[in-house]
Amino acid sequence: MQAIPHALPGLIEFVPRLFGDPRGVFYETYSARLMQEMGLPADLDWVQDNQSKSQPGVVRGLHFQHPPHAQAKLVRVAKGRALDVVVDIRRDSPTFGKHAKVELSEAKGNILFVPIGFAHGFVALEEDTLFLYKCSNYYAPPAEGGLQWNDPALGIEWGIADALVSPKDAVLPTFAELDSPF
Ligand SMILES: Cc1cn([C@H]2C[C@H](O)[C@@H](COP(=O)(O)OP(=O)(O)O[C@H]3O[C@@H](C)C(=O)[C@@H](O)[C@H]3O)O2)c(=O)[nH]c1=O
């Protein structure tokens, strides 16, 4: 496992060692010990695992949950490919309002740690892209928050012509409207 720190403080990409043999491929998708040695905070309880399947052009996000239900996430793609996008919404962060993009793929097996204080989303790039993630807090619908995925103020280049978004995501606030709880 390798760790790649990204420009937004706290964001870490883990790249596991892939063991290929005539049967296929094996790799570790979560190791508390290895990941904590490489910077994953040790004080998080990974209480919920989620999975979604998406078609190319599906955008989910940008999402977060308000404290005390805020979630850190460990996200990865088990099948296909997705462009993961995170926005730093920590008011006192030097990179407040800045975003990062990381392509996650079945082929690479890379895993992204998204700390609390980020809005998170992705666009699926292949058919039946399976997106899997661990969350450090339970789903809490009343605490759901988000940001408009295509808000020009965020300057995110998603690289897609047509997006399919949920009705809920279509009416999320812009960055200017956001009253960040972080
Ligand atoms: C997120 C979530 C949804 N649901 C239900 C509610 C709803 O009926 C259905 C679909 O929910 P959503 O439309 O919110 O799913 P989705 O848009 O995929 O939401 C997810 O997006 C990505 C980008 C994230 O970062 C996640 O934290 C989560 O917000 O699943 C749960 O039961 N548990 C959960 O944890």
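Placed from the backbone N, Cα and C atoms, the Cβ positions cover glycine too.
For reference, TrEMBL has these:
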{"type": "ACT_SITE", "residues": "H63", "note": "active site, proton acceptor"}
{"type": "ACT_SITE", "residues": "Y133", "note": "active site, proton donor"}
Message = For the C-alpha pair, I'd like the distance in angstrom between H63 (active site, proton acceptor) and Y133 (active site, proton donor), rounded off.
response = 14
Task = Drop a 10 Å sphere on every Cβ of the active-site residues H63, Y133 and tell me which sphere holds the fewest other Cβ atoms.
result = H63
